[in-house]
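Following this message is one structure expressed as structure tokens.
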Amino acid sequence: MEAENHTTVAELIILGLTEDPKLCIVFFVIFLGVYIVTLVGNISIITLIRISSQLHTPMYLFLSHLAFVDILYSTSVSVIMHMELLGHGLALPVAACAAQLCITVSFGSAECFLLAAMAYDRYVAICSPLLYSTLMSPRVCFLLLGMSYVGGCMNGWTFTGCLLSLSFCGPNQIDHFFCDFSPLLKLSCSDVSIIGIIPSISSGSIIVVTVFVIAVSYIYILITILNMRSTEGRHKAFSTCTSHLTAVTLYYGTITFIYVMPKSNYSTEQNKVLSVFYTVVIPMLNPLIYSLRNRDVKEALRKATVRVYS
């Protein structure tokens, strides 16, 4: 009977990064620039890998899919962010908010799986080079890619299913710049004791499994590199891993802080800053990390530039 006294909320209002009109304009210009760089950088990586035969290897196949995921991941958040900055807030139906959450979580989770697949690829290339063509055959590569997307979608649907099972009948203002699960949970008038735990278990499992794969891969890589007699061989092996390690450290460091650390350890504003970093900034940085610190990509870019202007 108590539920009948509540009015069901039809739409949710995303407050955004700030309510200051002047800051909204500044942030809009900054993040529009970041988004354009993200699109140009990741599309360039995908195009370069497609047109450069020397990059037709499993490592760069995974990198092209990482760039594709980064485009969709960033877009799912950036479009809503720009709309709310222009309108000083944004009203979305609950279903639209659930769809945005599903897309963001799906591609964010797929990125975790892709980073783990890339670590395994580096492990095979450095520790078992003679078996590389067998262990990283096209069939294995597409299986790893399929698992990445399916695993990401399953986590996305877990979050979405939990969100759609909640009732919203009180305050409807989300103190965030996109439909993230934790702020939505605070607005619900349902019992969230179990619903609130399920997404944490799902995301936590993905983080633990993928970090385990990455850590074990790099432990074996480090042992193999330290046993190499050639200094040049060590340097070459290290250089193929530094870009990936940088991307892993940035991404996992941020999402672990947000989703694993107790919420009492940081404020809502700090949560927004960290969320901006892993949803908007990191997708922009990944192409720069993999192009500026990768000899093969730089060489392929040089050849492509020569072909264009010759």
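Each residue, glycine too, has its Cβ placed from N, Cα and C.
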Out of Asn42, Asn265, report back the residue that Swiss-Prot marks as N-linked glycosylation site.
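The residue tagged N-linked glycosylation site by Swiss-Prot is Asn265.
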Is it the case that Ile223 shares a side of the membrane with Leu23, at least as far as the topological domain names in Swiss-Prot go?
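Membrane side for Leu23 and Ile223, as annotated in Swiss-Prot: different.
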Which range, 55-75, 76-96, does Swiss-Prot list as transmembrane segment?
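From Swiss-Prot, the annotated transmembrane segment range turns out to be 55-75.
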Residues with Cβ closer than 8 Å to the Cβ of Cys97 (disulfide bond), same chain and 6+ apart in sequence?
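Expected: Leu12, Leu163, Ile174, Cys179, Leu184.
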Other than its close neighbours in sequence, what residues sit by the transmembrane segment (100-120), given a CB gap under 8 Å and a spacing of at least six beyond its ends?
59, 62-63, 65-66, 69-70, 72-73, 76-77, 80, 92, 144-145, 147-149, 151-153, 155-157, 159-160, 163, 178-181, 184, 203, 206-207, 209-210, 213-214, 217-218, 244, 247-248, 251-252, 255, 278-279
Quick test of the contact rule: Cβ under 8 Å, at least six residues beyond the ends. What residues does that give for the transmembrane segment (272-292)?
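Hits for the transmembrane segment (272-292): 17, 31, 34-35, 37-38, 41-42, 44-45, 63, 66-67, 70-71, 73-74, 77-78, 81, 104, 108, 176-178, 180, 243, 246-247, 250-251, 254-255, 257-258, 266, 298, 301.
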Across the topological domain 'Cytoplasmic' (218-237), what does the mean pLDDT come to, as a whole number?
84
